[in-house]
Amino acid sequence: MAAPSSCGPALSLRVVAECGLSKARACELRLPHGPVPSPVFMPVGTQGTMKGITARQLEALGCRICLGNTYHLGMRPGPELIKQANGLHGFMNWPQSLLTDSGGFQMVSLVELSEVTEEGVRFRSPYDGEEILLTPEKSIEIQNALGSDIMMQLDDVVSSTVRGPRVEEAMYRSIRWLDRCIAANSKPDQQNLFAIVQGGLDPALRTKCLEEMTQRDVPGFAIGGLSGGEAKDRFWRMVTLSTDRLPRGKPRYLMGVGYATDLVVCVALGCDMFDCVFPTRTARFGSALVPWGSLPVKNKQFAKDFRPIDENCDCPTCRRYSRAFLHALFRSETAAMHLLTVHNIAYQLNLMRSIRESIVEQRFPQFVRDFMRTMYGSRERYPPWAMEALASVNITLE
Amino acid sequence: MHRAGRVASLWQRRSRLYPRSRDRDLLRPPVMTCRVLIGPGKRAAYVREAAGASQDLHAACQLTSMKLSLSKVVSGCRLGTLTNLGKNGVQTMELPGCLLYTKTGSPPHLTHDTLQAIKGVPAVVQLTLSTLVELHEVLEEYKEGIGKFIGMPESVLYCSLHDPGSPCPSGYNNNKTVSIWGYGGRMEMTGSKFMSMQRALQPDWIQCLSDGDTISGETSRKRAKKSVDRSLSFLDECLQLQEKSPELQGSVMVGVIEGGDMLEERLRSARETAKRPVGGFLLDGFQGQAMAKETKLKLMASVTAELPEDKPRLIHGIGKPDEVLECIERGVDVFESFYPYQVTERGCALSFSYDYNPDPEAAVIKQNGIQDAGKNGTEKDINETSKADPEITSFEIFLKEKRYRDDFGPLVHGCTCYCCQNHSRAYVHHLLVTNELLAGVLLMMHNFQHYFSFFHSIRDALRDDRLDQLKELIFRQAL
């Protein structure tokens, strides 16, 4: 067991255990707001709230780090107000760690994109129609006001389905913007700035990006530009290529990954941190996550199903409520969404905890086999990309 | 004890057990005694059970049954306790008090955990038939009753007909049926369909099927009379059906007093209903704005004067603090808590003071609190007031107002609820502006606790003989 290595003044990482076969590792991150065991799934609390569940409920589920969104919070209520409130931690009264993204992704995915220049991203605000320019400096300024434990650089984001010279341009620009972000960080000893590796689905571009970015003195690295609808077999190859070239002693954050299978596979490929809106979003749409897939509780078939969502789940929802009740409640009551949100977060966090335990106890490959069997039932149904990816790190499924 | 020969009629049985109202003065000892309250079917069951242990009918009845003990009556207000409530007979409810409002069996926006974080949650939960009626088949198959189904196996459950938030369209009841509006639309309930639903629900208290369609404004004498006749007929029918229902032997029927705004009909309804073996009374038809306030209050007082003192009096549709006090003064014991829910839905927080015992330092702060509320009507902030619900009362603050944007104080100073202990006005403002679900959760937690604390203060004031101070304080804020 290694001693904690300092990744920066505000972050240290200790590798607690490594899987002998794959690239999976169990670590402990130490952030300003406390320790975070990894691999870790970070629920997304976009506007300074985990949707309908309270900070106390979230903490009680075992969450030690969650996300806030720079774009949204930068618009409303704005960095000035949040600064007055003692940062985002103070504003939402969240005692554990926070990670904020840069605003880059939202600007691509959500709003009418006017222009990306070397200066920054110029776009039109959906709230008052005003033109806003988000530069690397501006993004860091907002994130410094938010006071998150981990901040993300502003990167030049292109969709993973885009081809051609735009991908290369975005990759090089992201490196230059990383340097500007590092220079703009006014609180390097309290807030960790992570780099985001780009390069699309092109191995050469990714490699180049990794070479450059790993030369910068940042406490951690994110793998970006993936999980956007690209083919899975290209996805995993970029992930594993990246983890091969990222330093062992610093955390690897794979952005936007949240489906259970993807989590398990990408842990095997060497990733430590994940985030995704999927579990909480699908809860609000009436779907409960279970080890064998998902239950669309809103569907008629559950009207008289008096079992809990998962008999083996210990979350507050499964301890007290049945599928039938949730089905009935979903028609009209917000409480149904909250109950499912609680369960789905519990599911994700339990999954990560089980993954971590199995790594620590040196039985991760067996865990993976059991997981796949429970999820898919039989070998014929295992997704080929997952089998390939796991095989590439020496985990064979029966 | 074997009941040979004819079964005694409902009236005969009742008169043997309970003295009539006018006789109570002869019987009342210096301190108010307890009276035993049970339904007819339940009595039979306990009698059979007790036959082995004791031949004393009265003792057998007293084994486990809802009891009302009054400790004090002050200016018409009753202070007391209901005991032996619920399936296990161990729950109690303080009077005057309120019920926990639910929709489809859940307190709005709240899960079990967030509900537990609220102080002073009432022991009795209000379910509404209108939000549960579509679950009839499901519950019949479930068999274990609505309490367990909704995750509240320990709570005392009262099932009322309609949801207080949604007034019913008028003109749909007849001699055989009452219409209730479920999520899927209108459903006609006969006495037997109603009781069939109750057998599936198995609540502890049941508002009897009743015709309360007298609140739309133009109620003729004829219509008022019909509401009384029909409701009595439904009551007799449902009591008979209850006798034959093993699942409902532990349940208490609440008789419903109707009669619109006609004094004669109201009195008739009260007297006739009181003759039946009901466990409590509901003063129905006082919802809405149709009846003039003075008429309402006078009728209430006249009605409760006809009712036995040893059974609780419930009312629907009354929620504002000043109105609550007025009703308590006229002999009402139990209220709903839909009002804090309505406050929540319009993005507001209850902020009225009920502290009739302020210390001099706190008086300044309280004064600020009252100023806060009072300012609502005069704020010239067009953007907000145009979005503000016209139903906003002077007892609440509208947190979407711009002035709360950077107000880092709690919703209400001194409030010990989860929201006020953990979050600020600015944060709740932000949640409302961004349409976040958490706004409803936090506001509901605050508003419920504030409202439950208000009832606590009413009971304290009655106990301490400070009702006048509390009244003065509340009515001062009612402007």
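Every residue, even glycine, has its Cβ placed from backbone N, Cα and C.
Keep in mind that TrEMBL annotations are predicted by a computer and have not been checked by a curator.
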Worksheet, complete the sentence: From candidates A:Gly78, A:Gly129, A:Gly225, A:Gly228, TrEMBL puts in the same substrate site as A:Asp101, A:Ser102, A:Gly103, A:Gly104, A:Phe105, A:Asp155, A:Gln198 the residue A:Gly225
Worksheet item: Can you tell which of A:His327, A:His338, A:His343 TrEMBL lists as binding Zn(2+) with A:Cys313, A:Cys315, A:Cys318?
Response: A:His343
Item to complete: If TrEMBL is the reference, give me the range from A:160-164, A:240-244, A:280-284, A:380-384 marked as region 'RNA binding'.
Response: A:280-284
Worksheet item: Looking at the ranges A:67-73, A:130-136, A:256-262, A:291-297, which is given as region 'RNA binding' in TrEMBL?
Response: A:256-262
Fill in: Residues in the region 'RNA binding' (A:256-262) grouped by DSSP into helix, strand and remaining coil
3 helix, 0 strand, 4 coil
Discussion item. As a test of reading the model: what is the averaged pLDDT for the region 'RNA binding' (A:280-284)?
Written reply: 97
Worksheet item: A:Asp155 (substrate binding site) has how many other Cβ neighbours within 10 Å of its own Cβ?
Response: 28
Response to the item:
For A:Phe105 (substrate binding site), the number of neighbouring Cβ atoms whose distance to its own Cβ is within 10 Å equals 21
Worksheet item: Here are some binding-site residues: A:Gly103, A:Gly104, A:Gly225. Which one has the most Cβ atoms within 10 Å of its Cβ?
Response: A:Gly225
Practice prompt. Write down the Cα-Cα distance for A:Asp275 (active site, nucleophile) and A:Gly104 (substrate binding site), rounded and given in Å.
Written response: 16
Discussion item. Quick check for the class: what is the C-alpha distance, in angstrom and rounded, between A:Asp275 (active site, nucleophile) and A:Phe105 (substrate binding site)?
Written reply: 13
Worksheet, complete the sentence: Should one count Cβ atoms within 10 Å of each candidate's Cβ, the active-site residues A:Asp101, A:Asp275 would be headed by A:Asp101
